[in-house]
Amino acid sequence: MNTESVVEFLGNVTLLQRLPSSSLKRISEVVVFKGYDRGDYVVRENQNVDGVYFLLQGQAQVLRSAGEENYQEFPLKRYDFFGHGIFGDVYSADVVAVTELTCLLLMSDHRALLEIKSVSDSDKERCLVEDILYLEPLDLNVYRGFTPPNAPTYGKVYGGQLVGQALAAASKTVETMKIVHNFHCYFLLVGDINIPIIYDVNRLRDGNNFATRSVDARQKGKTIFTLFASFQKKQQGFIHQESTMPHTPAPETLLPREEMLERLVTEPLLPRDYRNQVATEISVPFPIDIRFCEPNRSTKQNKSPPRLKYWFRAKGKLSDDDQALHRCVVAFASDLIFATISLNPHRREGMSVAALSLDHSMWFHRPVRADDWLLFVIVSPTATESRGFATGKMFNRKGELVVSLTQEAVLREAVTIKPSFGAKL
């Protein structure tokens with residue numbers, strides 16, 4: 001049995017579905033194959049625990065002494081598991097093979113591999129965006145997310161945080177060989193940065209090649225955000241690409257967003273109110289390095305085309321190569337500057353506008369690295385009835401189209417949106 005087959009098997013074990021693929025690969029490298037004939041004891045009651053057993057083939061039975069008052073038998077089959085129990089370092093029951101049986105044994109020395117740390121479980125130091133995406137497991141399909149003190153907030157939970165955390169929660173419930181290829185989400189209520197967010201995952205479908213999940217994000221008992229995601233096992237098929245990456249300066253030649261904003265703050269030709277607003281933006285940390293392709297001297301008081309191009313990548317190297325992690329980070333970054341470009345043709349001096357994301361969709365076409373440069377090309381084809389619509393394409397440095405996106409936002413003039421736990425509309 002090759003490593004890939006072992007990883008695929010482990011990805012179907014409920015206990016392990018909350019772990020990233022890197023953990024499953026490491027577990028597959030250290031598990032021991034154990035074979036038993038019918039009637040053999042796998043473990044004996046009061047025997048010292050030697051690890052966690054995963055049933056690969058065949059069936060087994062859990063037996064307690066027949067003389068006990070509450071004598072019970074529990075059948076075990078493929079994907080079931082057992083190990084440490086309430087009695088600590090000894091097994092609490094006999095486990096007997098009722099057919100020819102094959103188990104994978106994760107020795108106690110490697111039990112730390114079962115611990116959950118984040119989307120990635122690497123022991124390396126995590127960068128800020130990984131800390132933001134960290135989820136605490138509460139139950140099999142329930143996770144708790146937080147808004148760290150150094151996370152971008154803008155007075156409320158940043159929309160990309162909801163997207164990234166919800167997608168991370170969904171990814172933890174899918175076997176590791178299936179990777180998200182698209183998702184659609186809706187922003188329902190403003191999130192409160194001062195309280196945790198509960199992510200409840202619903203397993204809608206698990207097929208041979210595809211899996212579907214829905215996720216509801218809740219605060220104070222109310223659903224503030226919902227996401228539907230589809231996952232697919234890697235397959236061979238037709239390949240073509242019509243979209244061409246536009247010519248742009250290399251990201252290394254462009255100013256980081258923070259440095260560009262610093263220059264705008266001290267530019268005397270710009271309106272004072274605008275410079276004060278920029279100063280506020282600088283104070284908000286953002287874990288993504290952004291480089292705008294065109295000189296951005298807009299005061300948000302002048303009309304401009306509804307288009308934008310910028311390079312982006314995570315600040316710092318991500319601790320893992322797991323595609324689940326990288327796609328969650330790209331999803332996190334995608335909400336910062338997107339449908340708001342629909343405002344560009346309508347700006348004028350003194351105009352006050354509020355913009356809030358309504359829905360957001362992404363399609364992943366090819367593997368991505370969120371800690372390497374990606375070009376985000378955005379166009380807004382229309383705005384109507386207080387809604388702006390934008391489409392986006394993301395290219396890697398090879399010119400490959402890796403992600404397609406759409407977003408719609410509500411755009412309102414002369415409305416002040418106060419941070420609150422209320423409806424977004």
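Positions of Cβ are set from backbone N, Cα and C atoms, glycine also.
The Cβ neighbour count for F33 (nucleoside 3',5'-cyclic phosphate binding site), using a 10 Å radius and every protein chain shown, is 11. Look at F33 (nucleoside 3',5'-cyclic phosphate binding site): DSSP puts it in a strand. The nucleoside 3',5'-cyclic phosphate binding site annotation in Swiss-Prot covers 15-83, and the record cites sequence analysis as its basis.
The active site, charge relay system annotation in Swiss-Prot covers D335 (among others) and is backed by similarity to another entry. Mapped onto three states, the DSSP output places D335 (active site, charge relay system) in coil.
Long-range C-beta contacts of S357 (active site, charge relay system), restricted to its own chain and to partners at least six residues apart, with a cutoff below 8 Å, comprise G159, F187, D335, F338, A339, Q407, E408, A409. The active site, charge relay system annotation in Swiss-Prot covers S357 (among others) and rests on similarity to another entry.
Within 10 Å of the C-beta of Q407 (active site, charge relay system) there are 26 other C-beta atoms, taking all protein chains into account. Residues annotated as active site, charge relay system in Swiss-Prot: Q407 (among others).
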Notebook entry, point to check: So how many other Cβ atoms are close to L15 (nucleoside 3',5'-cyclic phosphate binding site), meaning within 10 Å of its Cβ?
Noted result: 15
Checklist line | Cβ neighbour count (within 10 Å, all chains shown) around G51 (nucleoside 3',5'-cyclic phosphate binding site) | finding: 20
Next item on the list: Any same-chain residues 6+ apart from R78 (nucleoside 3',5'-cyclic phosphate binding site) with CB under 8 Å of its CB? Would you list them in sequence order, or say none?
Entry: L55, L56, Q57, G58
